[in-house]
Amino acid sequence: MTLTIPNAPGSSGYLDMFPERRMSYFGNSYILGLTVTAGIGGLLFGYDTGVISGALLYIKDDFEVVKHSSFLQETIVSMAIVGAILGAAAGGWINDYYGRKKATMFADVIFAAGAIVMAAAPDPYVLIAGRFLVGLGVGVASVTAPVYIAEASPSEVRGGLVSTNVLMITGGQFLSYLVNSAFTQVPGTWRWMLGVSGVPAVVQFGLMLLMPESPRWLFMKNRKSEAIQVLVRMYDISRLEDEIDHLSAAEEEEKLRKRTVSYLDVFRSKEMRLAFFAGAGLQAFQQFTGINTVMYYSPTIVQMAGFHSNQLALLLSLIVAAMNAAGTVVGIYFIDHCGRKKLALSSLCGVIISLLILSFSFFKQADTSSSDGGLYGWFAVLGLALYIAFFAPGMGPVPWTVNSEIYPQQYRGICGGMSATVNWISNLIVAQTFLSIAEAAGTGMTFLILAGIAVLAVVFVIVFVPETQGLTFSEVEQIWKERAWGDNSGWFSSSDSNNMEGLLEQGSPSEGS
């Protein structure tokens with residue numbers, strides 16, 4: 001592998017001039033190994049999301065109080081999300097202070113401890129405490145894994161390598177359903193399902209002992225000699241000096257942003273308010289259109305449709321999880337070929353149709369006395385499968401991709417974290433209320449409500465979300481300028497200009513001609 005130094009700043013770069021010399025996804029086994037190891041954090045994230053859906057069926061059998069309380073069922077599911085919100089909030093500080101490597105290992109310890117507590121829980125309340133611990137680990141991992149991978153990735157393959165973490169999440173969900181199915185006939189069923197979740201955490205902890213710290217973090221902590229030792233294993237000598245120079249410059253910009261940009265600045269600028277509204281709105285609609293209702297409760301939904309066998313419910317849910325993983329692969333391809341906005345809109349249209357099928361199925365199922373699901377039970381399963389088939393390629397990856405593109409560089413970390421928090425909180429609301437709403441209003445009406453929310457999401461995307469495919473960051477910034485002030489207006493209002501104009505001149509890329 002031979003890579004040479006890009007041209008001077010401002011040019012298109014040597015790698016753009018000679019694309020055949022770009023590093024490929026599989027071009028460096030060291031980087032790929034680091035990516036897969038860090039991606040186990042995504043696997044933990046996905047496994048925890050999926051495993052509770054099957055375990056809940058057997059937890060209800062063991063604990064009578066859980067069986068008769070939708071609130072306890074929702075709390076068992078959603079307490080992990082509460083932990084994840086707190087873990088994600090603390091994860092940024094842990095990453096900055098202790099580094100990406102130690103943050104990952106810390107998440108593994110917390111996750112493994114939570115798995116042990118869940119497996120040994122003598123009552124549902126200890127189980128809930130274990131779910132909270134697992135959630136803390138998931139929250140820290142959800143912040144750390146993509147950052148660690150991105151900071152250790154060559155720019156030309158960074159997108160694909162970071163997307164590996166998304167694949168690990170959906171792969172973890174699929175694995176959880178396999179594990180659920182494997183333990184259906186084993187004594188202590190749900191304890192094995194939840195306890196096994198600690199195994200990947202232990203494996204990742206061991207592998208992380210062999211992995212380096214992020215070179216970007218080492219530069220930030222002025223440990224440049226250690227950073228160079230890491231970079232030597234990633235790049236050919238002809239490219240190494242250039243990577244070091246760019247990394248040093250990027251760290252200076254990062255430190256500048258942290259000194260000069262605050263959370264309040266997001267709401268002081270009209271452009272940033274519009275951008276954050278679009279990004280956070282996408283994250284909220286991702287959850288409120290029901291994705292984690294499907295992932296957390298799919299076996300329960302299948303049973304609601306009339307398939308009362310736990311084994312059959314898990315098998316049908318396994319198919320749903322497999323479609324979710326496959327759909328993510330499809331989405332990674334189409335997101336750069338069809339555009340973000342078009343992909344989101346087509347995804348939402350399919351989601352609406354799927355939710356209407358689910359709603360119709362449950363309305364009709366309520367009018368029949370079939371105990372084995374019958375025709376409308378199979379319609380419900382079809383609706384679930386179609387929902388995943390449409391959601392996974394579009395509304396799965398689009399909100400995360402758009403949020404990485406629509407903010408100026410100075411705000412990308414702050415706004416990305418804020419929008420991710422909106423996602424987790426929306427996730428919590430959905431997980432904590434779905435069964436109660438279904439119990440009060442009926443499952444058919446609940447899915448009809450979700451379909452209505454999906455219609456609102458279509459309107460939101462059309463009106464507020466710009467197409468960012470193929471645009472530079474400066475071109476995306478220009479979109480917000482035009483939306484805020486019109487085509488011929490300046491970047492900021494007079495009050496905004498006093499605070500922010502100098503900062504943007506220092507950090508933003510040139511608009512060009």
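Cβ from N, Cα, C; glycine included.
Taken from TrEMBL as is:
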DOMAIN    34-469  domain 'Major facilitator superfamily (MFS) profile'
REGION    492-513  region 'Disordered'
TRANSMEM  30-59  transmembrane segment
TRANSMEM  71-93  transmembrane segment
TRANSMEM  105-122  transmembrane segment
TRANSMEM  128-149  transmembrane segment
TRANSMEM  161-180  transmembrane segment
TRANSMEM  192-211  transmembrane segment
TRANSMEM  274-297  transmembrane segment
TRANSMEM  312-336  transmembrane segment
TRANSMEM  343-363  transmembrane segment
TRANSMEM  375-393  transmembrane segment
TRANSMEM  414-438  transmembrane segment
TRANSMEM  444-465  transmembrane segment
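The stretch from 30-59, 192-211, 274-297, 414-438 that makes the most Cβ contacts under 8 Å with the transmembrane segment (375-393) is 274-297. Counting Cβ pairs under 8 Å that are 6 or more residues apart, the transmembrane segment (161-180) and the transmembrane segment (105-122) reach fewer than 3 and are not in contact.
Take the transmembrane segment (71-93) and the stretches 30-59, 105-122, 192-211, 343-363, 444-465: counting Cβ pairs under 8 Å, 30-59 has the most.
Averaged across the domain 'Major facilitator superfamily (MFS) profile' (34-469), pLDDT for the predicted model comes to 82.
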